[in-house]
Amino acid sequence: MASQHMQLLQSFRKVIPPLLFDTHKGEAGRIGVVGGSEEYTGAPIFASMAAFRTGADLVHVFCAKSAAIPIKSFSPDLIVHPLLDSPSFSDDIDKWLPRLHALVIGPGLGRDEKILSNVEQLIGILRKQEHPIPIVIDADGLHLITEKPHLINNYENCILTPNVIEFERLYAKVTGVKSDEIKQENDKRKLAQKLAETLHVNILMKGHLDTISSPNSQEPIQSGIDGSPRRCGGQGDLLAGALATSYCWAIKNRDKIEHQSSNSERSPTSNERINYLSKSTPAQVAAYAASTLVRTASQGVFNKLGRSMISADILKEIGPTFNKIFEK
């Protein structure tokens with residue numbers, strides 16, 4: 001496992017954009033976050049700022065009108081568009097999509113029918129692109145997908161990030177298997193792989209071990225880095241934002257991952273290496289890196305603050321933790 005961990009982190013290091021004086025704003029990632037409602041303004045903030053702290057250059061937040069002022073007030077770094085509940089949403093957002101490298105859909109989205117209808121239209125627009133941009137779907141975005149799985153079926157550059165309960169609901173909807181039968185399966189990797197192959201999307205099932213499956217990979221991978229026992233709200237949003245940035249980089253530089261995998265298959269240093277590295281997809285490499293980043297940051301904060309730790313504390317630790325893991 002230690003060898004697998006190091007090899008996956010090394011794969012991710014290859015896709016991190018270098019910090020050079022001759023680059024321009026936006027090259028390291030322009031991320032969109034779709035979410036933010038009257039009740040929930042913190043979730044899109046956590047996702048957006050985590051994308052920033054992981055290394056994205058620009059973050060746009062597409063939220064409901066009632067959420068715009070709180071989100072704008074949090075940070076001048078965020079570009080906020082109060083159009084999620086607009087009757088002209090499709091036309092309004094369509095002009096911004098060509099500027100984005102990845103999207104997070106779901107943090108603070110809520111379950112208003114009009115907003116969910118607009119998100120459904122958004123996914124339809126994305127699917128019509130010649131090269132659909134990477135999307136990460138979390139939180140209430142997963143509620144929509146559970147109701148209508150066909151929306152993302154065969155969306156190759158999509159990562160769903162359900163927790164255990166959300167996974168069971170989605171798995172039951174897609175496969176018809178009852179919840180009790182799902183709970184009886186001890187090997188969660190099999191379930192995650194089955195769902196990834198059925199929907200033809202990528203799955204990051206959050207839990208004690210984060211399980212990461214892709215339809216193009218025969219071997220799910222798991223992140224077992226200790227995080228923290230605290231379950232304060234917002235940690236999933238941090239992961240979604242960090243994942244959007246890491247996935248953006250992995251897709252943009254997927255040839256570096258595939259080249260390394262190809263070399264591993266031709267000249268393996270061990271049987272273990274060919275079993276996981278040669279089959280790891282950009283989604284798996286990105287998800288493993290994001291999971292490791294947020295779990296390690298959470299662990300560090302918990303060691304300092306213990307029970308009083310909140311997600312805002314973890315957010316502050318993402319940048320320093322990134323440097324320790326990936327840029328040493």
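Glycine is treated like the rest: Cβ placed from N, Cα and C.
Taken from TrEMBL, the feature domain 'YjeF C-terminal' covers 8-325.
What TrEMBL lists as (6S)-NADPHX binding site is Gly108, Asn163, Val164, Ile165, Glu166, Phe167, Glu168, Arg169, Asp237. If you draw a 10 Å sphere around the CB of Glu166 ((6S)-NADPHX binding site), it holds 20 other CB atoms from the protein chains shown.
Neighbour list (Arg230 (ATP binding site), Cβ cut-off 8 Å, at least 6 residues apart, same chain): Ser298, Phe302, Arg307, Met309. For 206-210, 227-236, the entry in TrEMBL reads ATP binding site.
Other Cβ atoms within 10 Å of the Cβ of Gly234 (ATP binding site) number 19 in total over all chains. Within 10 Å of the C-beta of Glu168 ((6S)-NADPHX binding site) we count 19 further C-beta atoms, all protein chains included.
Between Asp237 ((6S)-NADPHX binding site) and Lys206 (ATP binding site), the C-alpha separation comes to 12 Å. Largest CA to CA distance in the (6S)-NADPHX binding set (Gly108, Asn163, Val164, Ile165, Glu166, Phe167, Glu168, Arg169, Asp237): 21 Å, whole number.
Sequence-distant neighbours of Ser228 (ATP binding site) (same chain, 6+ residues apart, CB-CB distance under 8 A): Ser298, Gln299, Val301, Phe302, Met309.
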